[in-house]
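Asker: Found this in TrEMBL, in case it helps:
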ACT_SITE  HIS10  active site, tele-phosphohistidine intermediate
ACT_SITE  GLU88  active site, proton donor/acceptor
BINDING   9-16, 22-23, ARG61, 88-91, LYS99, 115-116, 159-160  substrate binding site
SITE      HIS158  site 'Transition state stabilizer'
Amino acid sequence: MSRTLVLVRHGQSEWNLKNLFTGWRDVELTEQGHAEAKAAGQKLKALGLKFDIAFTSVLKRAQVTCQHILDAVGQSDLETIRNVALNERDYGDLSGLNKDDARAKWGEEQVHIWRRSYDVPPPGGESLKDTGARVWPYYLHDMQPHVLRGETVLVAAHGNSLRAMIMALEGMTGEEIVKLELNTGIPIVYRLNADSTVASKEVLS
Ligand SMILES: O=C(O)[C@H](O)COP(=O)(O)O
């Protein structure tokens, strides 16, 4: 029984590079981002993983990352489900602003609270809790059944949609999740037990 779940944050995007709040804005990968996504695929290939299904968001930086990985493992045509539930946390009024400019305007602490706290939303946007309220039901209903059937599932998504998923998967508290940072293009390989709990976790950095 494989029961394997692979989570990957998209490669570096144009707005990661420019240090802009991105959220639901649909921006391209940078050259480095494409390379990170291809390297993620090579790492998964080296593990000998073959996927049964892939999931991604409706944003192209995650979709392109997903495709690079599938190309690298020789599964370019694998069934891939795109769903808005996996989108990045909506950054609301901060979207498009420079993160350093925001710190200068509202202060380091306030910006950190908006970026990393569990339940404080940025103005007009989603908190991590709000993001989890759409990601986790989608995981339980659409992805987990595949994993529990013994399949190997790829999820290419975003920093905060994946942080919300990881929080629930690992049973982390609101305080613990504040410290979790996900790097771009680094696969996290979970093996699950039959009761859906985490048996092992490997970060392919
Ligand atoms: O949406 C964004 O700006 C980033 O992809 C994630 O941002 P964060 O590091 O501020 O959570």
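Heads up, the Cβ atoms here are built off N, Cα and C, so glycines get one too.
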Asker: Fewest neighbouring Cβ atoms within 10 Å: which of the recorded positions ARG9, GLU88, LYS99, HIS158?
Answerer: LYS99
Asker: Whole-number answer please: how many Å between the C-alpha atoms of the residue listed as 'active site, tele-phosphohistidine intermediate' and LYS99 (substrate binding site)?
Answerer: 19
Asker: Around the C-beta of GLY23 (substrate binding site), how many further C-beta atoms are within 10 angstroms, looking at every protein chain?
Answerer: 21
Asker: I'm trying to understand the geometry here, so how far is the Cα atom of ARG9 (substrate binding site) from the Cα atom of HIS158 (site 'Transition state stabilizer'), in Å to the nearest whole number?
Answerer: 5
Asker: Fewest other Cβ atoms within 10 Å: which of the recorded positions HIS10, ARG89 wins that one? Let me know.
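Answerer: Per-residue Cβ counts within 10 Å for the recorded positions HIS10, ARG89 bottom out at ARG89.
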Asker: Please list residues from the chain of TRP15 (substrate binding site) whose Cβ is under 8 angstroms from its Cβ, counting only those at least six apart in sequence.
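Answerer: Listed in sequence order: PHE21, THR22, ARG25, VAL27.
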Asker: When you measure from each Cβ to the nearest atom of ligand 1, which of the recorded positions ARG9, HIS10, GLN12 fall under 6 angstroms?
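Answerer: Checked recorded positions vs ligand 1; nothing flagged, none.
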Asker: How big is the Cα-to-Cα gap, in Å, between the residue listed as 'active site, proton donor/acceptor' and GLY23 (substrate binding site)?
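Answerer: It is 5 Å, counting Cα to Cα.
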Asker: Near GLN12 (substrate binding site), which residues of its own chain have a C-beta under 8 A away, given they sit six or more steps off in sequence?
Answerer: LEU29, THR30, GLN32, GLY33, GLU36, THR184, GLY185
Asker: Measuring Cα to Cα, how many angstrom lie between GLY23 (substrate binding site) and HIS158 (site 'Transition state stabilizer')?
Answerer: 9
Asker: Does GLY159 (substrate binding site) have same-chain partners at least 6 apart in sequence with Cβ under 8 Å from its own Cβ, and which are they?
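Answerer: Spatial neighbours, sequence-distant, of GLY159 (substrate binding site): ARG9, GLU88, GLU181, LEU182.
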